[in-house]
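Taken from TrEMBL, the feature active site, charge relay system covers Asp207, His238, Ser404. Annotation source TrEMBL lists domain 'Membrane-bound transcription factor site-1 protease-like N-terminal' at 51-122. Residues or ranges marked as domain 'Peptidase S8/S53' by TrEMBL: 198-450. Per TrEMBL, the feature domain 'MBTPS1 third' maps to 478-606. The feature domain 'MBTPS1 fourth' is assigned by TrEMBL to 607-875. The annotation transmembrane segment is assigned in TrEMBL to 12-28, 996-1016.
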Amino acid sequence: MKLLAGASSSVHGSYLLVILLSVFLFWLRPQQQNLNPENVTRSESEIETPTNYIIRFNHYKPAENHRIYLESKVRSGGWGWIERNNPAAKYPTDFGVLWIEESGKEAVVGEIERLEMVKDVNVEFRYQRVLLGGSFPDGKKRPGKIFTSMSFEEGADHSAMAATCNTTLNWNRHLLGQKTQVTSMFGADVLWKKGYTGAKVKMAIFDTGIRSDHPHFRNIKERTNWTNEDTLNDNLGHGTFVAGVVAGHNSECLGFASDTELYAFRVFTDAQVSYTSWFLDAFNYAIATDMDVLNLSIGGPDYLDLPFVEKVWEITASNIIMVSAIGNDGPLYGTLNNPADQSDVIGVGGIDYDDHIASFSSRGMSTWEIPHGYGRVKPDVVAYGRDIMGSKISTGCKSLSGTSVASPVVAGIVCLLVSVIPEARRKDLLNPASMKQALVEGAAKLSGPNMYEQGAGRVDLLESYEILKSYHPRASIFPSVLDYNDCPYSWPFCRQSLYAGAMPVIFNTTILNGMGVIGYIESPPTWHPANEEGNLLSIHFKYPDVIWPWTGYLALHMQIKEEGAQFTGEIEGNVTVIVYSPAAPGESGPRRSTCSLQLKLKVIPTPPRAKRVLWDQFHSIKYPPGYIPRDSLDVRNDILDWHGDHLHTNFHIMYNMLRDAGYFIETLGSPLTCFDAQQYGTLLMVDLEDEYFPEEIEKLRDDVINTGLGLVVFAEWYNVDTMVKMRFFDDNTRSWWTPVTGGANIPALNNLLASFGIAFGDKILNGDFSIDGEQSRYASGTNIARFPAGGYLHSFPLLDSSESGATQNLLLTGSAKEDPSVLGLLDIGEGRVGVYGDSNCLDSSHMVTNCYWLLKKMLDYTSSNIKDRVLFSKFSKRYSPLITDEKQLPSRRTDVNFSTYSSVIGKELICESDSRFEVWGTKGYDLHVRGRNRRLPGYRGIDLGRGLNSTVETTRPTRWRPAKEGSELGSSRSKYLGGLFNRDEIDMPFLVATRWIVPAGVAASGVLVLIGIWRIRQKRRRRRRASGSNRLA
């Protein structure tokens, strides 16, 4: 009996233990990590300080009228009107500034946005300008709107690394011992002798102010303060320097137009901070007081700050000629600053006295138009911007360098040119378009730089003067010539000839309409070939319905017709377009002008498939509009990925290398369904952040396995813990800035590669390694977490800097630590796949060492099956698959509304105008239309065809579809994928609940254990009864 009692108590103890364990694990179940800014712990000041909002109205009225209107219409509380006491207060305005409490902002903003007289509601940005450094010193964001670096201090080191070679050039030289003025370099004294000195030209300088008693200026008409500091003086010196370059009359640092009427707008505090509302008020005042020229030596990457951008349009529409610095972010490409990148603004780059593009000068193209279009040519012109002499803060002269110095050089030239036109005719002849026409048509083209470095070339004051003397209002196209024989100026077009079957080559030009602020294109543009061969060229045109203000665009989408597949030669001709504007006062009919664009193109026979590479641009996301983080986490002073990620911006050196290697590279700005895989050897996917349509995943799988398309993927880091640490609270918008994704969107890439048995992990790897004597730096790359048997996988001793990786680095040493895999090569079906976990070695933005050699070997393999002996050595072959549990793979963030930034989520799959003409407006090649997209878990009305990992739902990994009976693929799955994927693929996501699945499983296991114990007890009882019966018998 004691034995039975002991067994019974043991069983009850087991019951209790299992139940307690199940309950304990249930309460310790993984909870959703909510990163919603409203739920994140903040400081007391963050909670209590209200946010300022800019309310833009549809009409100009006195500020008091706007205030009364809002107070009478808005019923919600928790907001108030902010009075703005500045010189613009006496004029009508089109905006107001409100404070709105955080707790009720959604209700208040929603109510205001529904008002009839309200145009929109925007958070007020604060501008931060720094003379040395950008907005993120040491990785920490400064207060204010994001701005890039400004002018160098006097005596700064001006050595720079050339963008296209490994030679260091030192351009720190002074012309004729610093005695020669920059004005004499442009021949300003010639116009001075003719009596032109800028008289009666109203020049607005938006900067840090000027001191009233400065001895270098003879004509300071007005000084206005738009800041919250009680001073009109310049306490930093930058505004004084800019004014000196424009209108100084000191013999040691002469300005261009000393009689110009200076209007100093102090829009920056001594801490170099400014608010959007200060700029908007100052811009309105400039319009009300009828300024002629405005210089703005500031800039930043955010071309989607609509209140600011649209006010600049209004400035130029009011016939104010705006000159702005293109930026000091060179020698990197794709680094144009706003507003200089706007077509209605004269964007100025910098050169040295040897006519070299200054290393600091930002390069084009503009990135507004990516991915479906192509950027415009910027800067417009370049001017001397290194070691320029200008006025000090109180007296004397000094030298500065930067495009914010080159900008007032051109602004001074503009003031001098304006004074050439009699005052009575100035407003009739001069406007932002006509002045830009005079500058770009008179500019001297430099022999070395391309059009996206120098624009039209170095400003030529005297040539522009001759153009203006005989100017009649007209329209023109800039650039006016595209000549494939003119290399390197016509780069990148001259680097690759046209051929039949290629994606359209897009050339985006600017229409300058000097006839009026508004214009129209009378009829579709026309292509006029110079010879019979010109009929082989097919051009589709894109242009706006309205040309405003003063400028528009004309984009050429050029293809060679199929009958030209074997043609070799040149095609010449002209594109003409008629532009008209409403009649000017006193004229009887509209103004008309015929614009001409000359084309000289080279054509070659269509290259073989193995030499054609297609670049995926469609799935790249850049800043703005979202916080897209940098690819290299070692770079602390530039946290945003804003250079365009285009073949001709920050990947331009790679592009040149591939052309030198004999490859032909085309760009796809539409989904993967919009290209014919039979035409290309390899699809190249580098540093991609977007999601993928299910149709894209299905097509790519078929393209690789059945069509023989090669696939090369260069990924980037993705680690949720690191992304959370990178977020910061922005004091301007009173909101948390959180990275939308990692350096690349690894969960999306893993969905795309699942069909091939490949997946990336969430490690952040850094270190140096070598392959066959080639040294490489792995900079914040990721690891390969899944890879099938039969492929070739390379691992190296790299350091994992992620949160979990740092812990493992301490715990695991010696033989216990396995080197991460980063390079994989795989034959699958008819195609070949190559994957690598880091793209920084291809991106010229923050490159330490390049891996162009590796890219070439991977392309040789995927396109032509040429196997490098080192990459395909027997030591790197996988005889068993690399397996990682699904739970350990990176998952999507659930606290970010990714549809705001994506071209996929919530969007329709459609081939845009960057794809072949025959699939424009369709879903692509040989694609069965499935109707509406499926809903994406976690987002309303979103269609991705697969679930996002969240605390509610997750998806089963993609599986193979059953191949046709007897097919090669069906009979060789195990061969290609190491036996990992022998199951049929399910088409619909399989959803499970991650909140309770683990504890429920434990509880179920506990029930099974209890049942097992109960059964054991029953068997023991039966045996005891049987033994007792035997003894009794």
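Backbone N, Cα and C atoms are what each Cβ position is placed from, and that goes for glycine too.
Because TrEMBL annotations are produced automatically, they should be read as predictions rather than curated entries.
Residue counts for the domain 'MBTPS1 third' (478-606) by DSSP state, with H, G and I taken as helix and E and B as strand, are 11 helix, 65 strand, 53 coil.
Over the domain 'MBTPS1 third' (478-606) the predicted model carries a mean pLDDT of 97. Other Cβ atoms within 10 Å of the Cβ of Asp207 (active site, charge relay system) number 26 in total over all chains. Ranking the active-site residues His238, Ser404 by C-beta neighbours within 10 Å puts Ser404 at the top. When the domain 'Membrane-bound transcription factor site-1 protease-like N-terminal' (51-122) is classified with DSSP, helix, strand and coil residues number 27 helix, 27 strand, 18 coil. Note: the CA-CA distance between His238 (active site, charge relay system) and Ser404 (active site, charge relay system) rounds to 9 Å. Taking only the Cα positions, the spacing between Asp207 (active site, charge relay system) and Ser404 (active site, charge relay system) is 11 angstrom.
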